[in-house]
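Since the structure comes first, as structure tokens, the remarks are kept for the end.
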């Protein structure tokens, strides 16, 4: 009886794990039909008979992005919005350019883990863990050309070029549309703005400082 019960528990656990996993592809590809008015989680499939090679291709990642901004960095995406053939495939990539002292500020990708490699230059990178009884742990590393670093899904992370030459990195992400939440923009530049009373209490600072910060980020919207 005990053996039979043990086998039943194992079967239940196996069934639960099988149901929790991502489903297998049901067709070779599902090119995004961006003209469709049907709302789904992702994009509706285009008729595969009219799919073409260009649906799976993108040019231009060899071209440096425009880093002429206050932060001195630029992200050139290659996700489902640029490559319709990525729809349902769960993968995308980016090229990131940094001028000397350029910063990709603290941000998260709510739907993807990121693996990044430095192509030219150097980067100081890091991520912060979620809340624990021991606080939020910071992991950092200095990367040089050829080095690789992983940013786990949903965790706040950043990249900074501490050098005196331009840096180029390539990142791969485990989603066709990973999304980005830049922490400072979201907190101080939301529309409508978060109450300065709430932010002043959260950051334990004077409301005047919050009002000043919100004024800086509202200029970007």
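From the backbone N, Cα and C atoms, a Cβ is placed for every residue, glycine too.
According to TrEMBL:
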- 1-20: signal peptide (SIGNAL)
- 30-45: disulfide bond (DISULFID)
- 59-211: domain 'Cupin type-1' (DOMAIN)
- 104, 109, 114: oxalate binding site (BINDING)
- 107, 109, 114, 157: Mn(2+) binding site (BINDING)
When distances run from the Cα of residue 109 (oxalate binding site) to each of the recorded positions 30, 45, 157, the nearest one: 157
Cβ-based neighbourhood (8 Å from the centroid) of the Mn(2+) site, residues 107, 109, 114, 157 excluded: 108, 112, 127, 151, 155, 156, 178, 180
Candidates 30, 45: member of the disulfide-bonded residues with the richest Cβ shell (10 Å): 30
Cβ-based neighbourhood (8 Å from the centroid) of the oxalate site, residues 104, 109, 114 excluded: 94, 107, 108, 112, 116, 151, 157, 159, 171, 173, 178, 180
The domain 'Cupin type-1' (59-211) [mean pLDDT, rounded to integer]: 97
Length of the line joining the Cα atoms of residue 30 (disulfide bond) and residue 114 (oxalate binding site), in Å: 23
Other CB atoms, at most 10 A from the CB of residue 107 (Mn(2+) binding site): 19
